[in-house]
Amino acid sequence: MKMLEINNLQVNYGPVIAVKKVDLFVNQGETVVLLGANGAGKSSTLLSIAGVANKLLGKVKFSGKDITKFSPEKILTLGIATVPENRDIFPDLSVKENLVLGGYINRKKNNILQDTIEEVYNLFPILSERNSQVAGTLSGGEQQMLAIGRALMSKPKILLLDEPSLGLAPTIVEKIYEHIEQLKKDTNLTILLVEQHAMKALSIADRVYFLRLGEIVSSGKASDLKEKTDFKKIYFGE
Amino acid sequence: MFLQYIVDVLSLGSLYALFALGLVLVYGILKLVNFAYGELVLVIGYSIFLLKGSPFPWFFMAGTAILMSILFSIFTDYVAFRPVREKSVTAVLITSFAFATLLQNAALLLISAKPKNVPMPSFLSDSVQFLGVITPVRNLISIFVTFLCLIIFYQFMKRSTLGLAMRAAATNFNMTRMLGIPANLVITSAFAMSGLLAGIAGTLWMSKIANVFPGVGLEPLLIAFIATVIGGMRSVHGAVLGGFILAFIDMSFNYLLPQDILKFRDVFTFSIVILILLIRPQGLVKGPATGIRT
């Protein structure tokens, strides 16, 4: 069943067209990866699903419903949570406070809020140790975990994950991906992942789309593409 | 003498700090200065003036005036900010000035250009004497009310979910929305709290000047603006600190300058302000790592 579907998406920032034409879909329970070089339009695609980028053309559908014109807050309540590229945790708030805000839509249901915080702490035990620490003082890897944990607080149906490997040391990237795999196993969460780090992303993906200069240039099963695809062409052009 | 000076600085500074805090609350979230902010004092003054002669006790009048201030602050958002918020900084600058002018002219047209007396309970002007300090009761009330407001404000921003959401929105508005926190709720709350703080400060201000006229909002706006610029526009601590520093500068010149130069006090005050900004253009307190409005 198609959970998320994007048709003919075009995104622009003023005169600059960031996404020319993107068609993709994500089935329930799948992990789909959007690969591409810097500036290919990956993040813009993700942000337009989340409702914060300017959509010029095209349609975004979630569970069959047209959500193209929905506000970011409305989109979150439907079950789409975003971990943006720069993690965008709130540096002046504590770890706990960041998580509490992530669970904003459940703020009135205290027991759900508490349980979800427990779940996040189980997934990322380091966050529970840092509970009352100001988030800005966390290491890069910990901030990434916090950003993911914060997104999970809304109990999403699909997680939009933008470059979790960005700016992190290889061993930390390894760890983050272990956590993501654990998360998939535990919850069967649907994930749309954006990465530059192709090999890492392919290792957890079911299907892949390649994005180049704002357009999808190829797609397929992750297991097939891993061997066949000429990555150089995707990243550096012909 | 020294204690007298401290009390004077604190009582003036507490007013300045409240005014500045109300202005910076909206700025922090929208990254836009509300130039109609001073008109909340006009609303306060005329509300109490219009209730004069009503059978209600003074505290009820003041409460109604503060409520009006909150409503007008929210109203400012609806007429001057919301329609053009997405468009450009210049547009909002103009609309908020326009709204201020509109209110001033409404007062001019419907009431009078002449200052109108705003009734105040007489005990506020009574002098008290302690430890060699002679000061009107209203100064002590200003200090007390302000510190009470600051404590409640800080607790609210620290403990309540809405307070946390407002702090988060001041750092990264879009991210806050992506967590499902409605943009309009955060913005309306900011305007409402801005109106409440300006309302309380405005009432205390009225107890000092005791009359209201169409241009009454200019001075509080200027005070709030300069205090936030000194303190740092991105931080609520900065606004409070800036308010007290501005009062400290003002009051020091009151004490130091000879009588015939005193009327040029603002020249000296602004020279100091320029000096502070030359050394620390970003203001004294560095706020959270926020971006500027794009």
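Including glycine, each Cβ sits where the backbone N, Cα and C put it.
Quick look at what TrEMBL lists:
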type: TRANSMEM; residues: B:6-28; note: transmembrane segment
type: TRANSMEM; residues: B:35-52; note: transmembrane segment
type: TRANSMEM; residues: B:58-80; note: transmembrane segment
type: TRANSMEM; residues: B:92-113; note: transmembrane segment
type: TRANSMEM; residues: B:133-157; note: transmembrane segment
type: TRANSMEM; residues: B:178-201; note: transmembrane segment
type: TRANSMEM; residues: B:221-249; note: transmembrane segment
type: TRANSMEM; residues: B:261-279; note: transmembrane segment
Quickly jot the same-chain residues contacting the transmembrane segment (B:133-157) by Cβ under 8 Å, restricted to those at least six beyond its ends, or write none.
3-4, 7-8, 10-11, 14-15, 17-18, 21, 123-127, 163-164, 166-167, 193, 197, 200-201, 204, 207-208, 236, 240
Listed stretch, out of B:35-52, B:92-113, B:178-201, B:221-249, that has the most CB pairs under 8 angstroms to the transmembrane segment (B:6-28):
B:221-249
Using a Cβ cut-off under 8 Å, which residues of the same chain at least 6 positions beyond either end of the transmembrane segment (B:92-113) come close to it?
32-36, 38-39, 42-43, 46, 49, 76, 79-81, 83-85, 213-215, 217
Could you give the residue numbers and ranges of same-chain residues that sit at least 6 residues beyond the transmembrane segment (B:35-52) on either side and whose C-beta is under 8 angstroms from one of its C-beta atoms?
22-23, 26, 61-62, 64-66, 68-69, 72-73, 76, 80, 93, 96-97, 99-100, 103-104, 107, 111, 116-119, 194-195, 198-199, 201-203, 205-206, 211-212, 214, 216-222, 224
